[in-house]
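Peer 1: Let me begin by handing over the structure; questions about it come next.
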Amino acid sequence: MVKIAPSILSADFSKLADEIKSVEQDVDYIHVDVMDGHFVPNITIGPLIVDAIRPVTDLPLDVHLMIENPDRYVPQFAQAGADLISVHVEACSHLHRVIQQIRHEGVKPGVVINPATPVSAIEPILEDVDLVLVMTVNPGFGGQSFIESTLSKIERLKELKNQYGYNYEIEVDGGVKASTAKACVDAGAEVLVAGSAIFNHDDRSSAVRTIKKSYEQSV
Ligand SMILES: O=C(CO)[C@H](O)[C@H](O)COP(=O)(O)O
Ligand SMILES: [Fe+2]
């Protein structure tokens, strides 16, 4: 079963609790985009917001850290109630140490690769993570166009997972909507992050259904 993870980056921040409630019956994770204005040009959410939305839902909070030196903030996001914390390989000088740190905090660790980063950059860490997030846009903003060249990396991650019996889920993030979701699922994506394709529609159930219908023939 393919999982859906709505990104609250495209939600109405003046009523985040209502926004989360509007999707939770149809989805599997709540995706939280944390940006620091350094690793990416945008500034968004910190641990205080994660703490505030934690009691709103029982769904796992999938926290995507787009920040430099994430080791400085992992304990705060863990204490705030993150269930998964993913860090960019491009933002970590000591990736293995950060992944260990996340697990030590009792949280599932994930690693993220940007569109221009090859799978080979994270091969040594694949046995240690619960999630691999393939960015299908350059991180920083919602509502961007899907980058097709990322599909071969999803296929490679599926191949490596089958070959070595790794436990990670393959997640994709950026530009995922009805017209791009099937290609992701066919390539091996198991978790689809979608922000604008869900929150830019008044009827969230119908928006999620439209995405699911686009690939259900292939799963
Ligand atoms: O990490 C992200 C951006 O850096 C977001 O999760 C992603 O962009 C979701 O937005 P959309 O589905 O509208 O592309
Ligand atoms: Fe994200």
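Even glycines carry a Cβ here, placed using N, Cα and C.
Annotation comment: TrEMBL describes Asp33 as active site, proton acceptor. Annotation source TrEMBL lists active site, proton donor at Asp173. Annotation comment: TrEMBL describes Ser7, His64, Gly140, Phe141, Gly142, Gly143, Asp173, Gly174, Gly175, Gly195, Ser196 as substrate binding site. The divalent metal cation binding site annotation in TrEMBL covers His31, Asp33, His64, Asp173.
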Peer 1: His64 (divalent metal cation binding site) has how many other Cβ neighbours within 10 Å of its own Cβ?
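Peer 2: 28, counting other Cβ atoms within 10 Å of His64 (divalent metal cation binding site).
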Peer 1: I'd like the number of other C-beta atoms within 10 A of the C-beta of Ser7 (substrate binding site), please.
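Peer 2: I get 24 for this one.
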Peer 1: Under DSSP, is Ser7 (substrate binding site) part of a helix or a strand, or is it coil?
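Peer 2: The three-state answer is strand.
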Peer 1: Please go through the binding-site residues His64, Gly140, Gly142, Ser196 one by one and keep those whose C-beta falls under 6 A from any atom of ligand 2; give the result in sequence order.
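Peer 2: Result: His64.
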Peer 1: Across all the protein chains here, work out how many other Cβ atoms are within 10 Å of the Cβ of Gly140 (substrate binding site).
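Peer 2: So the Cβ neighbour count for Gly140 (substrate binding site) comes to 17.
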Peer 1: Name the secondary structure element type, per DSSP in three states, that contains the residue listed as 'active site, proton donor'.
Peer 2: strand
Peer 1: What three-state secondary structure does DSSP assign to Ser196 (substrate binding site)?
Peer 2: helix
Peer 1: Taking every protein chain shown into account, which of the binding-site residues Gly142, Gly175 has the largest tally of Cβ atoms within 10 Å of its Cβ?
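Peer 2: Highest number of other Cβ atoms within 10 Å: Gly175.
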Peer 1: Which of the binding-site residues listed here (His64, Gly175, Ser196) have a Cα atom within 10 Å of the Cα of Asp33 (active site, proton acceptor)?
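Peer 2: His64, listed in sequence order.
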Peer 1: Just how many other Cβ atoms lie inside 10 Å of the Cβ on Asp33 (active site, proton acceptor)?
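Peer 2: By my count, 24.
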Peer 1: Within 10 Å of His31 (divalent metal cation binding site), Cα to Cα, which of the binding-site residues Ser7, Gly140, Gly142, Gly175, Ser196 are there?
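Peer 2: So the list reads Ser7.
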Peer 1: What's the CA-CA gap between Asp173 (active site, proton donor) and Ser196 (substrate binding site) in angstrom, rounded?
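Peer 2: Just about 11 Å between their Cα atoms.
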Peer 1: Suppose the substrate site is Ser7, His64, Gly140, Phe141, Gly142, Gly143, Asp173, Gly174, Gly175, Gly195, Ser196. Which further residues of the same chain have a Cβ inside 8 angstroms of that site's Cβ centroid?
Peer 2: Leu9, Ser10, Asp33, Val137, Pro139, Gln144, Val193
